[in-house]
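Okay, structure first, notes after.
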Amino acid sequence: MPATQKPMRYGHTEGHTDVCFDDSGSCIVTSGSDGDVRIWEDLDDDDPKSINVGEKAYSCALKNGKLVTAVSNNTIQVHTFPEGVPDGILTRFTTNANHVVFNGDGTKIAAGSSDFLVKIVDVMDCSQQKTFRGHDAPVLSLSFDPKDIFLASASCDGSVKVWQISDQTCPVSWPLLQKCNDVVNAKSICRLAWQPKSGKLLAVPVEKSVKLYRRETWSNQFDLSDDFISQTLNIVTWSPCGQYLAAGSINGLIIIWNVETKNCIERVKHEKGYAICGLSWHPTCAQIAYTDAEGNLGLLENVCDPNGKMSNSKVSSRVEKDYKDLFDGDDTSNVSDCLKDNAVKTHSFSKGIVNDEEDDDDLMLASGRPRQRSHILEDDENSVDVTMLKIGSSLFKEEEDDQGGSIHNLPVVASQRPFYDGPMPTPRQKPFQSGSTPVHLTHRFMVWNSVGIIRCYNDEQDNAIDVEFHDTSIHHATHLLNTFNYTVADLSREAVLLACESTDELASKLHCLHLSSWDSSKEWIVDMPPNEDIEAICLGQGWAAAATTSLLLRLFTIGGVQKEVFSLPGPVVSMAGHGEQLVIVYHRGTGFDGDQCLGVQLLELGKKKKQILHGDPLPLTRKSYLVWVGFSAEGTPCYVDSEGIVRMLNRGLGHTWTPVCNTREHCKGKSDHYWVVGIHENPQQLRCIPCKGSRFPPTLPRPAVAVLSFKLPYCQTATEKGQMEEQYWRSVIFHNHLDYLAKNGYEYEESTKNQATKEQQELLLKMLALSCKLEREFRCVELAGLMTQNAVNLAIKYASRSRRLILAQRLSELAAEKAAELAATQAEEEEEEDFRKKLNAGYSNTSTEWSQPRLRNQVEEDTEDNGEADNTEERPEIHKHGESPFFKSADSSDMLALKSGAVISSSQGRINPFKVSGSSKEPAISVNSGHSTNILDSMNKSSKKSTAFNRATDDEKSPVIKPLIPKPKSKQASAASFFQKRTSQADRTEEVKEENPKNSSSETPAVCPQNTENQRPKTGFQMWLEENRSHILSDNPDFSDEADIIKEGMVRFKVLSTEERKAWAAKAKGGTASDGAEEKKRKRVVDESQETENQEEKMKNLNLPKKQKPLDLSTNQKLSAFAFKQE
């Protein structure tokens, strides 16, 4: 029965049209000059799915769910199939690409262009490309060898070439075609094809015949022709079994030959005589789809009759058997599809084979696929096993030369393969340098970062490297010859680092140009050991690093000294350096279903080397890969994946990774991308280059850098609440680097931190106000938990004004808790610092002047008392030569003055820089023993915040000397000092430690007089301590330090009743008053003592555990009603 020719139908606008089947043969895919790709379920499909890929589509190929098209914008594009979602650009040419084909397993594509080039590109990693140069005119067509060893190409220069893919050489070239200057003028598009599976023969349509060349020998085995061919043949295609060959001519004739017998078995004429430009054989059924140069689609059915009757030609029984093999021995990947999509045909056809008693081989072949046969005939397992035993011996036979033998062997091998339907492993991502474009490009960026740009030019005219700095004051632009073929580079303010792979003659090299070197030798080169190639490099401050194929990371100084070498847990993907930090991303395992399995290490290479991230998993978006890794300008590790998600290390949340931007949200088209070149935290900027229809930019014209804003993926950011939440946490994350810089001793702008804190507190207060309006008072308290002390006070004021007294009460309790926590934290810090400064006080830095016991005695002897020891406490700091010490004040304005380092010293004595005019009640004092007045005299009214604790001591005028142990600060004082700039270590050693009283007033330390005439009498505590020192030492024999004894003494002294302490105080003052002025003074001090006792009781209540509730009700009432009293 001859082949059935179905009526043709309109597919695309007139022009070149291409056609192919999908892997299972369930649909036909066509592309045309209208720029559309259409998916037809069958020829009668009246509503095919259409995908627009560009202005014109010259060629299409389909495999493994990837639709690849050669489009008129000079690109090879990928779309998902059948969804039709753009999946990027595989490669670019300078002119139109004319043909694109897949290799056997669908991992690579080959494309030929009118710029005379042929490229092979890895589908999963488009950076893996090979370019074949040799044609002198546009490339017409290509064909992959089924074994992926050779690639055949035809060109308008008249030649057909065979390329060795591995080394890009051309072993043979035949001058077969008529020369022309462009594809549109070519007489034939010469779509050549390799024989499937074995690849033994290469079929080339030449004039009115098909020439077949044998593999390896490249000899012309024979030609296929027919008397009915009157015009030039345009295209050839093989049947999936490799037994039949179909050809289409420019006048619409389709001829099918049996290659073994060389007989023509089918002739079909186009109904209108248009040129056949697309021809594709169904992967499992006897169908051929074809397209013509006018955009029409046609289908041939029953191309070969199962009963062996072929039209217009005699066919041997061998042809019949081999044709049956075509359907029973197809590729394993299509078994389930064949059963599913063509169940009726396959079922009847298989029965026909089994019932045919022509030859035992037929039965063996039909049963050569046990899954298929058991599915149809329901054979039991034993029969399958026996059949496998019959054919198992053929596995070890050599492949026969004839085509029938190769067909017989394929099902046998397939039957031995276990069936696996689980997750498939993902190919590992290749190593790359952040900020670089693919290596195969002739003009490419080797690196683009915040310092500068390194370009590489590798063409026929030049092989060189250009280094350009954004800031030319660092270094001038440099031009280097690329003699060693460097492929990897990095750039910092100090150096340029280059690396190359090894060759047969040369080892892999690391080459450094040390720009900041002060000697005349600015270059050094290190050769890697044999069989070890550098895969990734990076530069830091004073060091360089290289990761190699031996899973080693090698560290060097910037001058070329080899430092530490350590092993990596897996193959490196990329590295980056910044200052002392080094981040390494590597493969920690095999990913599945398109996911990469990456790990990250973060090391600090300063004086104290330590590892921050110990190979933690690197989070990536599903089915994505890493495209950029580096540091922000402030030193925070960041990375970007192929889905455009930018993630930053959140040091404030246990070194987790937080997504801070999605660049895809800023892209207009699905094939557009942003190529990241730098990240800044202050100001918040993502610097990147927009790439239209590509993942990376070209070197020329010079790309323009765009700035994107950051946005955290918070919910409901369209609402006011969600927007403020996102802004608050973004501010927190983007200012974490300030804490890191402070912790590691780096300099930073204090104003930046203050501004960030102010911004965050404003947002919290706005959110609290919004929650108040929404009657969410519990949420208000939660927000207040994130606020600072001052902001909580403002929140109390707002709640009181809003007549939300319960909320104000809750907030006041929270304020008290915060004050207690801050005071306790401050006390711990000050206790450590006090002890150290007590030992160092008054001494120069020379080690010969250390004499701690003498200093302690001097402190005790020189102190004098103007009040009770149990009221407030302070430890004076004495300079060896009697110069005025620094001291810190509880008031923020005084603290700022102190931080500025104002010191007044005199050769005659010491003058307190904060002294104000005293009242007339105070006795006149000499300069050497001058007292300062209360600092509250100079405070303005704004220091009277919402605390009720500073009122008890407003009448206090004279300073009080404190013992050595610091006391917690009040809420107001703690909050005022909390945000002050921390001084450096050097400044601290020159300052005298402040001690704040429990109340808000601040007293200045007494001066140590040089003459002993004005020495003050001992306090009651000092007298008590002298008498009870022996008891303390007997109870604590391990106390060797005076500070420990004083601590224990203070604890015991506080336990005494008020009367006992007053008795000790009176005892201390017993013999000191000789005139009326002293008696007045003593009386005033006793009054103050009583007031301060009351104050101390209040503070004791404040320092009770948090859960104790009434918590001084009067205090809370005053706090909650504070706003009204202020009005």
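Cβ coordinates are placed from backbone N, Cα and C, and glycine is handled just like the others.
Nobody curates TrEMBL annotations by hand; they come from automatic prediction.
For 9-41 (among others), the entry in TrEMBL reads repeat 'WD'. Residues 48-64, 67, 69, 71-72, 79, 81-82, 84, 189, 277-285, 287, 289-299, 333-334, 337-338, 340-342 of the same chain lie 6 or more positions beyond the ends of the repeat 'WD' (9-41) yet place their CB under 8 Å from a CB of it.
Residues or ranges marked as repeat 'WD' in TrEMBL: 132-173 (among others). Across all of the repeat 'WD' (132-173), the predicted model scores a mean pLDDT of 91.
Per TrEMBL, the feature repeat 'WD' maps to 236-267 (among others).
The region 'Disordered' annotation in TrEMBL covers 825-890 (among others).
Annotated compositional bias 'Polar residues' per TrEMBL: 842-855 (among others), in sequence order.
Taken from TrEMBL, the feature compositional bias 'Acidic residues' applies to 860-871.
Feature annotation from TrEMBL assigns compositional bias 'Basic and acidic residues' to 872-883 (among others).
Marked as region 'Disordered' by TrEMBL: 907-1022 (among others).
Marked as compositional bias 'Polar residues' by TrEMBL: 926-950 (among others).
Look at TrEMBL and you will find 971-983 (among others) tagged as compositional bias 'Polar residues'.
Marked as compositional bias 'Basic and acidic residues' by TrEMBL: 984-997 (among others).
What TrEMBL lists as compositional bias 'Polar residues' is 998-1014 (among others).
Among the features that TrEMBL reports, DNA-binding region is placed at 1014-1083.
Under the heading domain 'HMG box', TrEMBL lists 1014-1083.
Among the features that TrEMBL reports, region 'Disordered' is placed at 1065-1127 (among others).
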Counts by DSSP class (helix H/G/I, strand E/B, coil) across the repeat 'WD' (132-173): 0 helix, 24 strand, 18 coil
Helix, strand and coil residues within the repeat 'WD' (9-41) as assigned by DSSP: 0 helix, 16 strand, 17 coil
Helix, strand and coil totals (DSSP H, G, I; E, B; other) for the repeat 'WD' (236-267): 0 helix, 20 strand, 12 coil
